Amino acid sequence: MSGRDMVKPLLGHRTIEGDPSITPAAGRTIGVLGSGDFARSLAIRLVCSGFKVVVGSRNPRRKAGLFPSAAEVTLQAEAVKKTDVIFVAVFREHYSTLCDLADVLVGKILVDVSNNTEINHHKESNAEYLASLFPACTVVKGFNVVSAWTLQSGARDGNKQVLICSNNQEAKRTIAEIAQVMGFTPVDMGCMSSASEIENIPLRLLPAWKIPIFLALGLFICFFTYNLIRQVIHPYIREQKNKLYKIPIEVVNTTLPCVAYVMLSLVYLPGVLAACSQLYYGTKYRRFPDWLDQWLQHRKQIGLLSFFCAALHAMYSFCLPMRRSHRYQLIETAVKQAVEKKMNIWVEEEVWRMEIYISVGIIALGLLSLLAITSLPSIANSLNWREFSFIQSTLGFIALVISTLHTLTYGWSRAFDENQYKFYLPPTYTLTLLVPCTVILAKVIFNFPCIQQRLQRIRRGWEKGRYVKFVLPSARGEYSSGETSSNV
């Protein structure tokens, strides 16, 4: 990609917000050691941000064509001599090849942008290892969480944060200034001991999603097995009918709404448990158990997975009439009606049940879509706290209530039909109602004035059994102090 195609930096040459002592540095000469993809993307970004770039390569003639024409490509020793700030864009195993430059690197700022292939692959971080090889230099860890694609396309299409750490405060300020001019947001992560944590960040695969994903998979396996027994194994054993064809579509489609419904209720259940804990202990300052604290932190991911399963359920349901088995069943039903000379098979109750069932389901999916959209950082940042809380809390609870109506409408009177109990197992939807109905009932109880007022007082700082000072005026107009329990 040429320099002309680069997107201009978002923040231009403004100083870092909250740190007016840092001044713009566009026009400064920056060195880059390395000629890989990241080095080329970094050189392009620096050139388009107004910096003069000198690239150090062991084969400058062969690599010159890979860099923008505004960047100077020369030998590594020559590049180091022309600048005080050098980005080391080489792998850790190649650090030793730079030892010949130790004399000319004295007093320079080295920016280590490398990453490992595994978390905690080495005892010391790459930046600490580089600092041990060049003790006369100042090493700064940074830009490793930014991809080559982000550097080429500009900060609009990637993560804008650049994590920086070093034992030298002035060096960190210099690199933070460069990152700001490039259109990124520098984040000071402290001293060099934080380098290991920074290097581990790009290697983690969805760390906040592991528990919610395992939870969703566990629920899916449980409900899928339950539905498999009822819909496939039961007719095979009792009626010798082979209904394995139901597994890919029908059994999965029966399982997905169960997972979505239970996952949605699990978003609001920890809030209920937290409120119960505060009411029981009479304080908001008591720490929640670790499992509850983790549960509260994963509510966003649980909610998004609930929406994902609900969306899949809608698509599966939409495709149900397309199946060949469904067509055969329609023809078979029509033939039976013709043989039995049934002219009118309209069942008013079933018609109303399905109409209401589908309508309520569409509304529930629409509310879940709204919750999912507002969970995106770009959307959430455009809302104030009251708006965000109203959508995620109030509308989210309404979505849970409507999903409950959707489930009850589906069941209608099936729970009282003995033919629905296969192997004496109740219909699947009746099991899914347990947790959501518990949450809804608890929410209703919490809205009783006596409980709501007490909970509000606790969340505003009131504590059971705490003594507070008060001042009473005496008969002479003087004031005397005393103590009373906040229980009174």
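Just so it is clear, glycine is given a Cβ too, placed from its N, Cα and C backbone atoms.
According to TrEMBL, the feature domain 'Pyrroline-5-carboxylate reductase catalytic N-terminal' maps to 29-116. Here TrEMBL flags 259-401 as domain 'Ferric oxidoreductase'. Per TrEMBL, the feature transmembrane segment maps to 211-229, 259-281, 302-323, 356-376, 388-408, 428-450.
Listed stretches 211-229, 356-376, 428-450 were compared with the transmembrane segment (259-281); the greatest number of C-beta pairs under 8 angstroms is found for 428-450. By the count of Cβ pairs under 8 Å, the stretch nearest in packing to the transmembrane segment (356-376) among 211-229, 302-323, 388-408, 428-450 is 388-408.
Here the transmembrane segment (302-323) has long-range neighbours at 212-213, 215-216, 220, 249-250, 252-253, 256-257, 259-261, 263-264, 266-267, 361, 364-365, 368-369, 371-372, 375, 396, meaning same-chain residues at least 6 beyond its ends whose C-beta is under 8 angstroms from one of its own. Long-range contacts of the transmembrane segment (211-229) within the same chain: residues 247, 251-252, 254-256, 258-259, 262-263, 266, 294, 298, 301-302, 305, 309, 422-423, 425, 428, 431-432, each at least 6 residues beyond the stretch ends and with a Cβ under 8 Å from a Cβ of the stretch. Residues in the domain 'Pyrroline-5-carboxylate reductase catalytic N-terminal' (29-116) partition by DSSP class (helix H, G, I; strand E, B; coil) as 35 helix, 21 strand, 32 coil. Within the domain 'Ferric oxidoreductase' (259-401), the DSSP-based counts of helix, strand and coil residues read 119 helix, 0 strand, 24 coil.
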